[in-house]
Amino acid sequence: MSPPLVIKNGTVVNEDGMFKADVLVRNGIIVEVSPNITALPDTEVIDATDRLVIPGGIDPHTHMQMPYMGEVTKDDFLKGTEAAVAGGTTMIIDFCCPDHRNGESLIAGYNRWRSWADPKVCCDYGLSVAITMWRPETAEQMAIITSPEFGVNSFKFYMAYENTLMVRDDELFRGMQECAKLRALARVHCENGSVIKEKEIDLLAKGVTGPEGHTQSRPEEIEAEATNRACVLAAQANCPVYIVHVMTKGAASAISHHRAQGSIVFGEPIAAGLALDGSHYYNEDWLHAARYVMSPPLSRDPTTPELLMKLLAAGELHLTGTDNCTYDCRQKSLGKGNFTKIPNGINGVEDRMSVVWEKGVHSGIIDPMRYVSITSSTAAKIFNIYPRKGRIAVGSDADIVIFNPNATRTISKDTHHHNLDFNIFEGINCHGVAEVTISRGRIVWAHGKLQTVPGSGKFIPLLANSPFVFSTHEKREQKIQPRIVERLE
């Protein structure tokens, strides 16, 4: 057990306020937040003068140690969570993708992910489970896995990657119906896999083999169409829906439209989409271009990143993730001669907190309180762990970051903590640096050095029926009951 800890002289920032206060931590829990706390002799003291004391970041979208396309992502649960805490993130929600096509059940896939993660994680984590095909037993397994024993309250559905991860519309709709029954959140990757497949075939036939083919096979309208379709299906199922990695203006517009109609829709842009654009796919250096291959691809419109940040400021989009899914240069090079074989994925879990501060707060678009909301507290609310996570308050877990808003750092593969030989944010200078990261009362990162212990992180059960998501569900259900007309024979 870590010794008691007091953070002195800092400015506490929550989503709903900023104030000067000290923070006392004991046994991994915040036990006091008030001015002028006296440090007892056995208490470790951190001076946070001119620093912000913020809730640790929650990254709701990672793929650590994920097998796909015959490869495995380079960040396992140790390296991935080390990178996370080095950047000020104290919890990740990773996607478990059971191998349905080879007969693996949801429960077996869940157990496989737990066996990988539990011995390695150095910060807390939760799981979201992907459903990649519908089987007769799927609904029953969903019910089991949403029990407190398993602690899963969201399921992911892919509208892309035909013949591997993609579900048909009828499968997606059935899955959403089950999610609604279980009070679990449907999370959707929005593309049109069937159209993409045809466009890939056409582009290759025309001699387009490089990474530029990836973005050309996935026009921005495809993400927008799929986002609209996912929202329509969710509304028909009376199921709240969470759109992962919102990359384009059209997708964001579809979310806003459906929210205006009364649907419960959450939009998650990612760090890459808030800082970069799709010009990288046309770089003459093949490997440079391949490093940015992800799906949906980065927007071709250079004004999109700023617009997405403004939509976060306005509450039209709601939280930030990373889709951290790292493949190194050797793995990316497997797609030379055929862009469809380039493994899709990028880094982000270490740099999200600084990138969002730079592009959001330092640029003047959002304030520090909104920053806390979109990097931590909204995720905690959606996944039903607030205020245990996502808040500096008595009784909350001591997941805390001492954040220097005036410090700068230049992102580089030479200094990052990913198991990766490049960084898509290479050379970006960011204001806002996590100087100290505390995970449940344990200092895991301090002034440029990791102090992590593999396995010290904990699996956090994510319980179904989050009030933030489902508080109006029963009323909505009553309004959409089928109507029966009684007729005389």
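Here, residue 1 is simply the first one shown, and the rest follow in order.
Just so you know, glycine gets a Cβ as well, placed from its N, Cα and C.
What you are looking at is a predicted structure, and each value in this text was computed from that prediction instead of being measured.
HIS189 is the residue from HIS189, HIS214, HIS280, HIS288 that Swiss-Prot records in the Zn(2+) 2 site together with LYS156, HIS245. Within SER115, SER295, SER396, the residue that Swiss-Prot lists together with TYR161, ASN344 for binding substrate is SER295. Checking each of the binding-site residues (HIS61, HIS63, LYS156, HIS189, HIS245) against SER295 (substrate binding site), the C-alpha distance stays within 10 Å for HIS189, HIS245. Among the binding-site residues HIS61, HIS63, LYS156, TYR161, ASP323, ASN344, the ones whose Cα sits within 10 Å of the Cα of HIS245 (Zn(2+) 2 binding site) are HIS61, ASP323. In this structure, the CA atom of TYR161 (substrate binding site) is 16 Å away from the CA atom of HIS63 (Zn(2+) 1 binding site). The Zn(2+) 1 site, placed at the center of the C-beta atoms of HIS61, HIS63, LYS156, ASP323, has further neighbours from the same chain whose C-beta lies within 8 angstroms: THR62, ASP94, PHE95, SER128, HIS189, VAL244, HIS245, GLY321, ASN324, CYS325.
Neighbours of the Zn(2+) 2 site: apart from LYS156, HIS189, HIS245, residues of the same chain with C-beta atoms within 8 angstroms of the site's C-beta centroid are HIS61, PHE95, PHE157, TYR158, ARG187, VAL188, CYS190, ILE243, VAL244, ASP323. In the three-state DSSP scheme, ASP323 (Zn(2+) 1 binding site) is classed as coil.
Note: the substrate site is recorded as TYR161, SER295, ASN344; in the same chain, ALA160, LEU165, HIS189, GLU191, MET294 also have Cβ atoms within 8 Å of that site's Cβ centroid.
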